[in-house]
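Read through the structure below, which is laid out as structure tokens, and then see the notes.
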Amino acid sequence: MGTPTPYSAHSPRDSESSYFSHTSPPHGEHEHDEQEQSLLERNNSSHYGTPFDDPAVSTDSLRRYTLHDDGPAVFAAPPYQESEAASENTFRARSNGDKASREGSRAGALRRYGTRKINLVQGSVLSVDYPVPSAIQNAIQPQYRDAEEAFSEEFTHMRYTAATCDPDEFTLRNGYNLRPAIYNRHTELLIAITYYNEDKVLTARTLHGVMQNIRDIVNLKKSEFWNKGGPAWQKIVVCLVFDGIEPCDKNTLDVLATIGIYQDGVMKKDVDGRETVAHVFEYTTQLSVTPTQQLIRPQGNESTNLPPVQMIFCLKQKNSKKINSHRWLFNAFSRILNPEVVILLDAGTKPGHKSLLALWEAFYNDKTLGGACGEIHAMLGQGWRKVINPLVAAQNFEYKISNILDKPLESAFGYVSVLPGAFSAYRYRAIMGRPLEQYFHGDHTLSKRLGKKGIDGMNIFKKNMFLAEDRILCFELVAKAGFKWHLSYVKASKGETDVPEGAAEFISQRRRWLNGSFAAGLYAIMHFGRIYRSGHSIIRMFFLHIQMLYNVCQLIMTWFSLASYWLTSSVIMDLVGTPSTSNKNKGWPWGNEASPIVNNFVKYGYVWVLTLQFIMALGNRPKGVKIPYILSYLYFSLVQLYVLILSFYLVVGAFNGGMMDFNFDEGVGTFLSSFFSSSGGGIVLIALVSTYGIYIIASVLYMDPWHIITSSWAYFLGMTTSINILMVYAFCNWHDVSWGTKGSDKAEALPSAQTKKDDDNKQNFIEEIDKPQADIDSQFEATVKRALTPWIEPEEEGGKSLDDAYRNFRTVLVCLWVFSNLLVTLLITATGVDKMCLTNTSTTRTSWYFEVILWITAGLSLFRFIGSLWFLGRSGILCCVSRR
């Protein structure tokens with residue numbers, strides 16, 4: 001075939017260098033290492049700061065491998081190569097949608113390259129090493145590249161494997177392997193990033209944050225584990241699992257190609273007719289791209305340099321949902337690598353400083369810890385500007401309170417009901433067996449194999465349960481027969497994630513969360529008996545029973561929350577606004593005559609807007625009715641504000657003697673009797689303190705009070721909204737078990753691989769294009785340009801149609817829910833059901849119900865607070881004795 005002709009090289013041009021000095025538009029990311037930023041500022045002579053080539057090489061060699069080579073001469077392609085090249089070019093042109101790229105691809109089809117024979121592993125597995133661009137090779141520090149134990153191809157070649165099998169069949173026996181296992185390295189920590197269609201900014205935020213965390217681990221000075229038995233970086237593997245070629249953002253692939261873990265044009269659609277299920281790339285890199293499209297590379301021997309990071313990139317050919325991505329992670333890659341701890345991250349979640357180390361330390365110091373999670377907080381933007389948006393502010397407050405009250409309480413019991421898939425960790429040997437088996441029942445790709453036990457054989461309740469599959473995994477882990485695994489919350493580990501900023505997106509997200517958590521919560525309660533088969537101690541079992549009772553109480557309160565919010569609001573309006581002997585015949589705030597009238601109009605509006613929610617929710621199109629939803633948010637928020645003002649007025653009036661005053665003059669007993677009277681303001685005061693007061697006290701104790709100042713207003717005003725809009729929409733769409741994502745199975749643009757027999761007719765091989773290094777470097781420059789260009793937000797896609805059978809179940813569920821809440825309301829407030837109740841007047845029944853609701857609310861809040869205090873004290877003690 002011949003060798004390529006010599007080609008000219010030239011020095012970097014200033015105009016080209018300046019092209020990469022830009023930063024992307026703001027995208028909620030405003031922080032990165034000062035050290036790394038300084039490296040970029042003082043190295044601006046080329047796209048990578050300075051040429052990557054080894055300074056020891058000659059000038060000619062240096063010129064030959066800069067990023068600005070013109071490329072080799074053009075040749076004609078051989079006949080057998082034309083179709084393959086055309087397929088590759090079609091994929092690249094479709095991926096980029098860029099005229100210049102398409103023209104370059106057509107020019108590339110005219111080149112005539114040599115070929116090489118690639119023997120298939122065990123005659124069926126295609127696994128090939130491809131040279132990486134010279135710039136990436138020479139970015140590796142000499143101390144790693146030239147080390148005695150270094151493998152020659154680890155830093156010079158990217159490994160590609162076409163997996164034509166199910167994840168369960170990705171085994172050593174079938175000829176599949178991974179580099180860390182080939183190099184006989186122990187994998188202590190496997191960090192997995194699952195991806196659907198996130199843009200390159202979100203992906204870079206997560207990946208760069210992970211690499212910074214790995215640097216924190218490698219730079220540990222005093223460690224009992226990481227500094228023994230080989231370099232720390234060799235014990236860590238980062239695995240990216242992308243859910244399908246078609247939904248994948250092609251700019252994100254350019255970012256991965258820039259750091260060396262991906263190359264365009266090497267994927268094969270099938271091997272001898274066997275369809276490729278996943279494309280697996282492997283490389284060890286020291287490069288990273290920041291969310292602001294800045295390239296980070298090593299500089300000398302500074303401690304701020306990123307260490308080598310072993311990466312596995314799994315690009316699934318078809319979109320088959322997140323749970324299938326986890327099956328590739330746990331059943332394919334983890335079985336070969338056998339890691340001790342697996343950390344799960346979603347693309348877009350940025351781990352905080354030393355957060356991954358804190359998660360790992362929790363497992364290292366507690367041998368019975370099966371799973372853990374860190375604190376997830378909302379991304380608020382530069383200067384916390386996003387808290388101006390009430391939806392973002394409310395979610396920020398919700399996340400914070402969950403991390404201060406709920407997670408510590410559950411951690412104290414040993415069973416955290418949900419370890420969020422966006423930021424959690426598991427001990428691999430703890431989830432092996434039944435936990436993973438039950439977890440993967442929700443994988444659509446296993447439906448034929450599992451039959452009735454699979455997703456196609458499930459009823460609608462179980463399908464909703466798998467919208468919160470991480471809750472199922474948590475329960476199965478704690479209930480694992482014969483073991484005593486427990487779950488924990490790690491306060492020192494923090495992750496930042498973006499949250500929905502629009503009403504339609506927020507409603508769709510909460511539909512999945514609420515329905516999934518409700519179904520999974522019932523599942524855990526109904527299968528609680530399996531806890532007795534576990535190996536937990538008697539003390540742990542006792543506390544698990546207490547937690548189960550707490551969860552049952554919370555579930556009941558959630559079910560009847562629709563009636564509770566209505567009754568609470570109407571009772572407070574009547575107590576303050578309707579003149580009576582209890583308030584000394586003073587109607588407030590509109591006067592004796594106007595206050596009852598205004599309150600009635602508020603109530604009628606409440607019922608009308610609530611009815612509107614059912615009508616809109618049954619339409620299943622929140623994006624199509626944005627304005628009515630926004631107006632509904634506004635109305636319920638105003639009602640909540642009005643009720644809060646009346647509540648505080650009620651309490652203040654009780655203290656100053658203006659209305660329903662407390663008796664301070666006749667002893668403690670009389671005061672307590674007046675304070676806890678069902679017609680007094682004492683119970684309202686207890687309810688207010690048990691919610692708002694505990695939120696403030698707990699936040700101060702955890703030294704994280706800022707959300708109280710910046711975000712509490714949105715959360716408190718939106719409490720009614722969360723029930724009347726979000727829960728109504730969720731239950732009315734119980735039949736919809738989709739994730740709201742639209743998958744695609746398109747991969748026609750990829751070329752196929754056809755095997756041939758050697759002369760002895762024994763060994764199967766394929767003929768592969770053998771590109772010269774110069775061409776690889778030339779094409780790489782265009783990739784870098786695409787990777788470092790500003791990000792453009794893609795347009796959103798529409799929803800999907802729903803099944804009629806699921807609509808029927810949905811209708812029955814909604815009717816049952818509404819009827820039960822309506823029945824409670826009628827029994828409490830109606831005047832014609834005296835004989836059915838314990839009292840003879842509706843006023844007495846209403847006061848009694850009001851008192852019970854407030855006491856239960858106060859009790860649950862106090863219970864969460866006690867658990868939070870216990871966790872805080874225990875964490876302080878363990879912090880003094882923990883090991884690394």
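Using the three backbone atoms N, Cα and C, a Cβ is placed for every residue, glycine included.
Residues N43, N301 are shown; Swiss-Prot lists N-linked glycosylation site for one of them, N301. Remote same-chain partners of the transmembrane segment (635-655), defined as residues 6 or more beyond its termini with a Cβ less than 8 Å from a stretch Cβ, comprise 390, 568-569, 572-573, 575-577, 583, 588-589, 602, 605-606, 609, 661-662, 680-682, 684-685, 688, 716-721, 724-725. Most Cβ pairs under 8 Å to the transmembrane segment (556-576), among the stretches 513-532, 681-701, 708-728, belong to 708-728. Same-chain neighbours of the transmembrane segment (681-701): 400-401, 404-405, 572, 647-648, 650-651, 653-655, 659-660, 662, 674-675, 707-708, 712, 716, 850-851, 854-855, 857-859, 861-862, 864-865, 868-869, 872, counting only residues six or more beyond its ends whose CB sits under 8 Å from a CB of the stretch. Outside the transmembrane segment (852-872), and at least 6 residues removed from its termini, the chain residues within Cβ reach (under 8 Å) are 404-406, 408-413, 489, 491, 550, 553-554, 557, 564, 567-568, 683-684, 686-687, 689-691, 694, 697-698, 701-702. For N301 (N-linked glycosylation site), the same-chain residues lying six or more positions away in sequence with a CB closer than 8 A to its CB are Q141, Q143. Secondary structure at N301 (N-linked glycosylation site), as computed by DSSP, is coil.
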